[in-house]
Amino acid sequence: MNILIVEDESRIAKRIERMTRDILGDALQSIKHMNTLYEAIRYIENHSLDLVLLDLNLNGNSGFDLLTTAVSESFHTIIISAYNDQAITAFEYGVLDFVSKPFNRERLQQALHRAISNEKGITNPIKFLAVKKRHKVQLLPVKDLLYIKGAGTYTELFLVDGRKELHDKSLEKLEQLLAPSFERIHKSYVVKMSEIKEIIVESGSKYMVELKNGEHIPIGRTKYKDIKAKWF
Amino acid sequence: MKLRTLLYFLCICFTLLTVSCSQKPSFYNKYTSVFKIGDQQEWATKEFNDQNWKPILRYVPDGQVFWSRTKIDIFEDSDSLRPYGIYLHVYGEYEVFWDGVLIGKNGNPGQEATLGKVGKMWTTHSIPIDLTKKGTHVLAIRTSLYYFPDHLRISGLKIDTYDDLLADRLIETSYMHLFAGAFLIASIYFFFLFLSNKKEYATLIFSICCFLFFALIFAEFIKAYMAIHYSMHLVRLQIINVLMVCISFLIPFYFSTQFPFPKRKLLLIIYAGLLLYIFLSRHIIELTSNNMALSMLVFSFVIVGYGVYKKRKGALLVLFTLLLSVLIGAVTPFNKSIFSGFTFILLGMFYLLSLRIKEQRLAYENSLVQSTRLRLELLKKNIQPHFLMNTLTSLIDWIEEAPKKGVLFIEALAKEFDLFNQIENKTLIPITQEIALCRTHLEIMEYRKEINYSWEEEGINYEEKIPPGILHTLLENGITHNLPLEDNSITFKLTFESNNDYKCYTFLTFAAPINHETTKKEGTGLKYIKARLTESYNKQWDLTSEPMNNGWKNTIKIYC
């Protein structure tokens, strides 16, 4: 795993680094510490990362600027901050976890575990998906999202109004953030369950869902039973 | 709503006043008086033929005796129990004859030089009932004018029942004195208000206006109960005129302080010159007062009109009171309108003053709120999450990794909390305390950031006082917005200079700036410093904050 710590308090950064090394052991490939927003953004642009541990208040600047950039990237973001009141907003933006200061090893471990294990079911619902556009990041309301199709390391977001957007996060990571109102029904599809009209069984035991707008999306053979049991 | 009530009140006052000033129908008619120098007893008689007498005599030298005769028609017989009387306002010492009968004596006509000043300007005499039957009668007055040989005239003559003549004057006078008393009390009250706050010149001016108005009423109505010899009359009129000049100047002056306009001083000087010119020229005394009142009104109108144009608070209502006093002036005789008019104008001024007092009260309440807010802000410095939670996180780490250092950290923290407790409710604290606060804060930050912070000071006068937390805030800003130099150090330096004009603190931060810093708007820290400086030094301070070669420079200048 490649991890970046963005934190302007040197003692705390060292603590995070030490604990992370300890928790992840051999799974950790590299860990880097950045002091300022500007350095962090530059680093993110030029390096491939799996996880960013981000402080929300850096040198008197709000980390939300960095946060929108970070959540639009392929990696997960975990906030470590003193401002508990910003936790809800952070979750809405699509962070994986929010660790409030002061924290201990157990809490950090829990957060890191979530990043490693693809554990689903974040209690605070996400409201936006940050999508990278030319020179800027756009926040896309999750309520406008119909389903997501995996396309290699990227994903395609299909929206209510028929538009299609690209996202840098993998289908697995988005599934993790969007659960439980979204469900992985196929190895390449995550669908908003409330948009499903019915399940159609086609010849040759092919299963499809019909969405309210008439679109058909395949259901994975292995997923069918689970979904049928859970939702219908 | 309040304004409307006041308007209604003024309207009602106005109506009452005009009603009370209207004249009742007269039951007598007075013909033109005729005069002749000389002294013959038969000139008093009703039948005497005065055809060759002159309606005007310009000059009677050496206190010679002269006579005046005035024909008067009476349309109604007097009530048998309520005889008629005659009220006279005549210059000189005189004897009064009615149809040849002596009905009153005021001084010693013809013998003034030898017998001295006797008598008064205003007299009331009763007329025997049998002489006031319906028909024509003759009033003859035997007068001498030793002191003012050129003041031959009957300035006032009024016939009514004798009781009413006496009572009416007393009633009028008592009302006016009530009035005067109210203004005297207002004057004293506002004078005390001024004494308690000597910066409020508007209160002083208003107090003086009230006092002058009190004196004016007094000077005007004192004649009802004090015997004023005609030789002293001019003195009284001069006093009235001086009072008028002062009031006529002060009222527009007051308005000019409330509704400032360009070139105020110059215009006021010109106006004062105009008033003085009117005062000194005084061809006819009554006219002088008239002119002064008129110029006062015109000037006030212009000023208040400008205030209305500029949408100043209260200007509209004052304009209304001015209009009312003009209306009153138009419908009532001058000696009545002058008092009612002034009263309205003074009410207008009073209203303005009450507006200002309200503004001041609000400002005071605001300042209280502001002080509380600043106090809370100071307290918040230590419990705001960014400081507290980061400190605690670092502290936990130190305790886990190096317990002994952790204890030192806790001690530093305890010291900072203690210092904050000592200063939290003060508006000024010794500079030594503020410096101690900064040093402890650096100690804490060193544990947190692991940067070598150092503190230097130069030329500090340790007797000086300073608002709490302002250097601390600069220090916090310096820590937050800068990166350490290459040797992992940040140095802060406080220098102090003072001279006769100002004291100046310079706070230098030697550090590397954070590149691409995006904060352009003023942070809460600087706002706090500015609010604290304003709280203690009003506007007598300057704060600059600018980058320098190897860091940042803040200067706080406090003017003496």
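Each Cβ is built from the backbone N, Cα and C atoms, and glycine gets one as well.
Straight from TrEMBL, the features:
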type     : residues  : note
DOMAIN   : B:375-449 : domain 'Signal transduction histidine kinase internal region'
SIGNAL   : B:1-21    : signal peptide
TRANSMEM : B:175-195 : transmembrane segment
TRANSMEM : B:202-222 : transmembrane segment
TRANSMEM : B:234-254 : transmembrane segment
TRANSMEM : B:266-285 : transmembrane segment
TRANSMEM : B:291-309 : transmembrane segment
TRANSMEM : B:316-332 : transmembrane segment
TRANSMEM : B:338-355 : transmembrane segment
>> As a test: from B:175-195, B:234-254, B:266-285, B:338-355, pick the stretch that has the greatest number of Cβ pairs under 8 Å with the transmembrane segment (B:202-222).
In response: B:175-195
> When you scan the chain for residues with a C-beta under 8 Å from the transmembrane segment (B:266-285), skipping those not six or more beyond its ends, what do you find?
Replying inline: 234, 237, 241-242, 245, 248-249, 252-253, 256, 291-292, 295-296, 299
>> Can you break down the domain 'Signal transduction histidine kinase internal region' (B:375-449) into helix, strand and coil residue counts using DSSP?
In response: 63 helix, 2 strand, 10 coil
